[in-house]
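Structure first, commentary second.
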Amino acid sequence: MSFDLRTRLDARRAEHLYRQRPLLQSPQGPQVVVDGQPLLAFCNNDYMGLANHPEVIAAWQAGAERWGVGGGASHLVIGHSTPHHELEEALAELTGRPRALLFSNGYMANLGAVTALVGQGDTVLEDRLNHASLLDAGLLSGARFSRYLHNDVTSLASHLEKSVGDTLVVTDGVFSMDGDIADLPALAQAAKAKGAWLMVDDAHGFGPLGANGAGIVEHFGLSMEDVPVLVGTLGKSFGTSGAFVAGSEELIETLIQFARPYIYTTSQPPALACATLKSLQLLRTEHWRREHLASLIQQFRQGAEQIGLQLMDSFTPIQPILIGDAGRALRLSQLLRERGLLVTAIRPPTVPAGSARLRVTLSAAHSKADVQLLLEALEQCYPLLDASESTEPVHA
């Protein structure tokens, strides 16, 4: 009996859900070249505009000269270098916590944290719109796993009443496909009332949120007691790559001992840590980046509402335009691309059926003129959806 892979692939195509990889032929930034076509991009997560910053590049180059280009071993063997340690200390300072621990990527950080903290006989409660890495972590932990209604503390409280063993409540800080933020004060209160821990993956909050860019916990003025487990990624606002978990001394030591995705993998290149240290410095000192980004978000929302687009409840750089049908979302993405703009159509299973959307993401590297070009193109293209049949573009 053979694997019938062709049938699975054909079904994806028929449902307008087939994915292909655009080939980026330039550095990240607002102006990119994709598959040979110059485009103005509104689809990366480089919120602070640091991915191609000359000082960050120079820090990476200097780090490679000093430390080489490979981690060489796992952290627990001989792969934990001085730049890694300095970056962990800087991230602990940013988050106001005693310790931080580096991971190679956000998926591994989430998987490592959840599976190290709970297992058989315990409970994991997750927002139903959490990132796939969090949902996978909950399922793989072996703990009793269930999802509460999106951002609904009443639903969470009902699940908490039925929890057993150690209970971990897990939520995104900023929800990556909707752009809305978790009601952390209410979630923290509900968790603490039942002796549960709250874990927040703030991948999209670090940078845009908080007075110093320290994310949603800083935005709400919460403490480590409110959010014992805080996860962040470095490949978005920091402009580099990797992830971290920040928390108490006991939490970090527990992860070092029990988080398998941390233990059984080679450390990231030390030069990458050098680059991230520089981007962290820029993030903390160049406050104009957050201010400029906030003004772009306001400009886009005002313009989109005037056009009559259906936006979602978001004041973050993630500004989804709800379309509904996957084919229509693909068509609008294609129409924009024909006008030199790159905005990705997001379809099931990434989002629920019937909620396909264009996911606009804004960056401090964008200009007001860039956003105006996008708004003008949307005003021209959106009415055309009803005038033509859905067709699948080359890349979506």
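Glycine too: its Cβ is placed from the backbone N, Cα and C atoms.
As recorded in Swiss-Prot, the features of this protein are as follows:
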BINDING   Arg19, His131, Thr350  substrate binding site
BINDING   Gly106, Tyr107, Ser176, His204, Thr233  pyridoxal 5'-phosphate binding site
MOD_RES   Lys236  N6-(pyridoxal phosphate)lysine
The rounded CA-CA distance in Å from Lys236 (N6-(pyridoxal phosphate)lysine) to Thr350 (substrate binding site) is 19
Counting Cβ atoms within 10 Å of each Cβ, the densest environment among the recorded positions Arg19, Lys236 belongs to Lys236
Should one count Cβ atoms within 10 Å of each candidate's Cβ, the binding-site residues His131, His204 would be headed by His204
Sequence-ordered, the binding-site residues among Gly106, Tyr107, His204, Thr233 whose CA is within 10 A of the CA of Thr350 (substrate binding site) come to none
Longest inter-residue Cα distance for the pyridoxal 5'-phosphate binders Gly106, Tyr107, Ser176, His204, Thr233, rounded to the nearest angstrom, is 14
Arg19, His131, Thr350 bind substrate per the record; greatest CA separation between any two, in Å, is 18
Under a three-state DSSP reduction, the secondary structure at Thr233 (pyridoxal 5'-phosphate binding site) is strand
Ordered by sequence, the long-range same-chain Cβ contacts of Thr233 (pyridoxal 5'-phosphate binding site) under 8 Å (at least 6 apart) are Asn105, Gly106, Ala109, Ala203, Phe206, Gly242, Ala243
Rounded to a whole number of Å, the separation of the Cα atoms of His204 (pyridoxal 5'-phosphate binding site) and Arg19 (substrate binding site) comes to 23
Within 8 Å of the Cβ centroid of Gly106, Tyr107, Ser176, His204, Thr233, the other same-chain residues by Cβ around the recorded pyridoxal 5'-phosphate site are Asn110, His131, Ser133, Asp201, Ala203, Gly235, Lys236, Ala243
The number of other Cβ atoms within 10 Å of the Cβ of Thr350 (substrate binding site), counted over all protein chains shown, is 15
For His131 (substrate binding site) and Tyr107 (pyridoxal 5'-phosphate binding site), the CA-to-CA distance in whole Å is 9
